[in-house]
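Working notes for the structure below.
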Amino acid sequence: MTWGNRSVLMEFVFLAYPSYPELGALSFLGVSLVYTLIISGNVLIVVAIQTEVRLHTPMYYFLGSLSGVEICYTAVVVPHILANILQSEKTITLLSCATQMVFFIGLGSTDCFLLAVMAYDRYVAICYPLRYPLIMTLTLCVRLVVASVVIGLVLSLQLVAFIFSLPFCQTRGIDHFFCDVPPVMRLVCASSHIHEQSVLVAATLAIAVPFLLIATSYSFIVAAVLKIHSAAGRHRAFSTCSAHLTVVLLQYGCCAFMYLRPSSSYSPKQDQFISLVYTLGTPLLNPLIYTLRNSEMKGAIGRVLTRSCLSQRN
């Protein structure tokens, strides 16, 4: 089995894991706890949106889709991180590394496009409230979600195919917890400028373009809200966007730092911390942000938990 002139069974070694057993045990417990909270929080949101009729609106449909993507996004890398913590040999084959990167980058890009879709939804709801039901139909919502997933995965597939077509050095050590673009690119033995620019172009399409769409939507939203004479009306309009804006700033802050920069500023320890923030922190905080800032969602999740407790007692 070969990939170009290399075996797909060629192995990389992850170097970022703690070498002391005590630290490994603490890391395993900590990551397991956070992963359990991520899955629980996002599953609760999906179940609440599916079971509560009042939440069958475009805004909550997109939120449920975002939670579903977050579940898949963390499942791509976190179980592998947990397995590596317990194993003495922290290796991954070339094919497995490429596959992991395709889905990790693809689902991360899907997150960005879904946030842009959610911004568009808020734009239509605030700027065209009377036409909102006619514009944001179920068919359009499904198409926007499917397009977000397809575009994210296609961009990722092209980027990863490009990276893994490059020649790698004899060094097989990845100074990271999983196969991400910056640490893997450090192993490439080729003229770096053109390759670095190619990666930046792909990152721009996946990160900067959705962010530009979000910024454009919110510029129209702000202009429309400022025309509202009632202070209560302005507060109500802005409150429907506050949770989304918080998630956007958190997501894009980490992504822009990791991918929209030259490789000369690469710092392994710093990048390892940032990667843990957007791999574990953002999927954990998203359900909390949307739940704590949304009374309808809090009520729906409370009813789901109540029904679950009652069914267990019976």
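For all residues, glycine too, the Cβ spot is worked out from N, Cα and C.
TrEMBL annotations:
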type	residues	note
DOMAIN	41-290	domain 'G-protein coupled receptors family 1 profile'
TRANSMEM	25-48	transmembrane segment
TRANSMEM	60-82	transmembrane segment
TRANSMEM	102-120	transmembrane segment
TRANSMEM	140-164	transmembrane segment
TRANSMEM	200-226	transmembrane segment
TRANSMEM	238-260	transmembrane segment
TRANSMEM	272-292	transmembrane segment
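Below 8 A, the CB atoms of the transmembrane segment (25-48) and the transmembrane segment (102-120) form no more than two pairs separated by six or more positions in the chain, fewer than 3 in all. Recorded stretches compared: 102-120, 200-226, 272-292; the one with the most Cβ pairs under 8 Å to the transmembrane segment (140-164) is 102-120.
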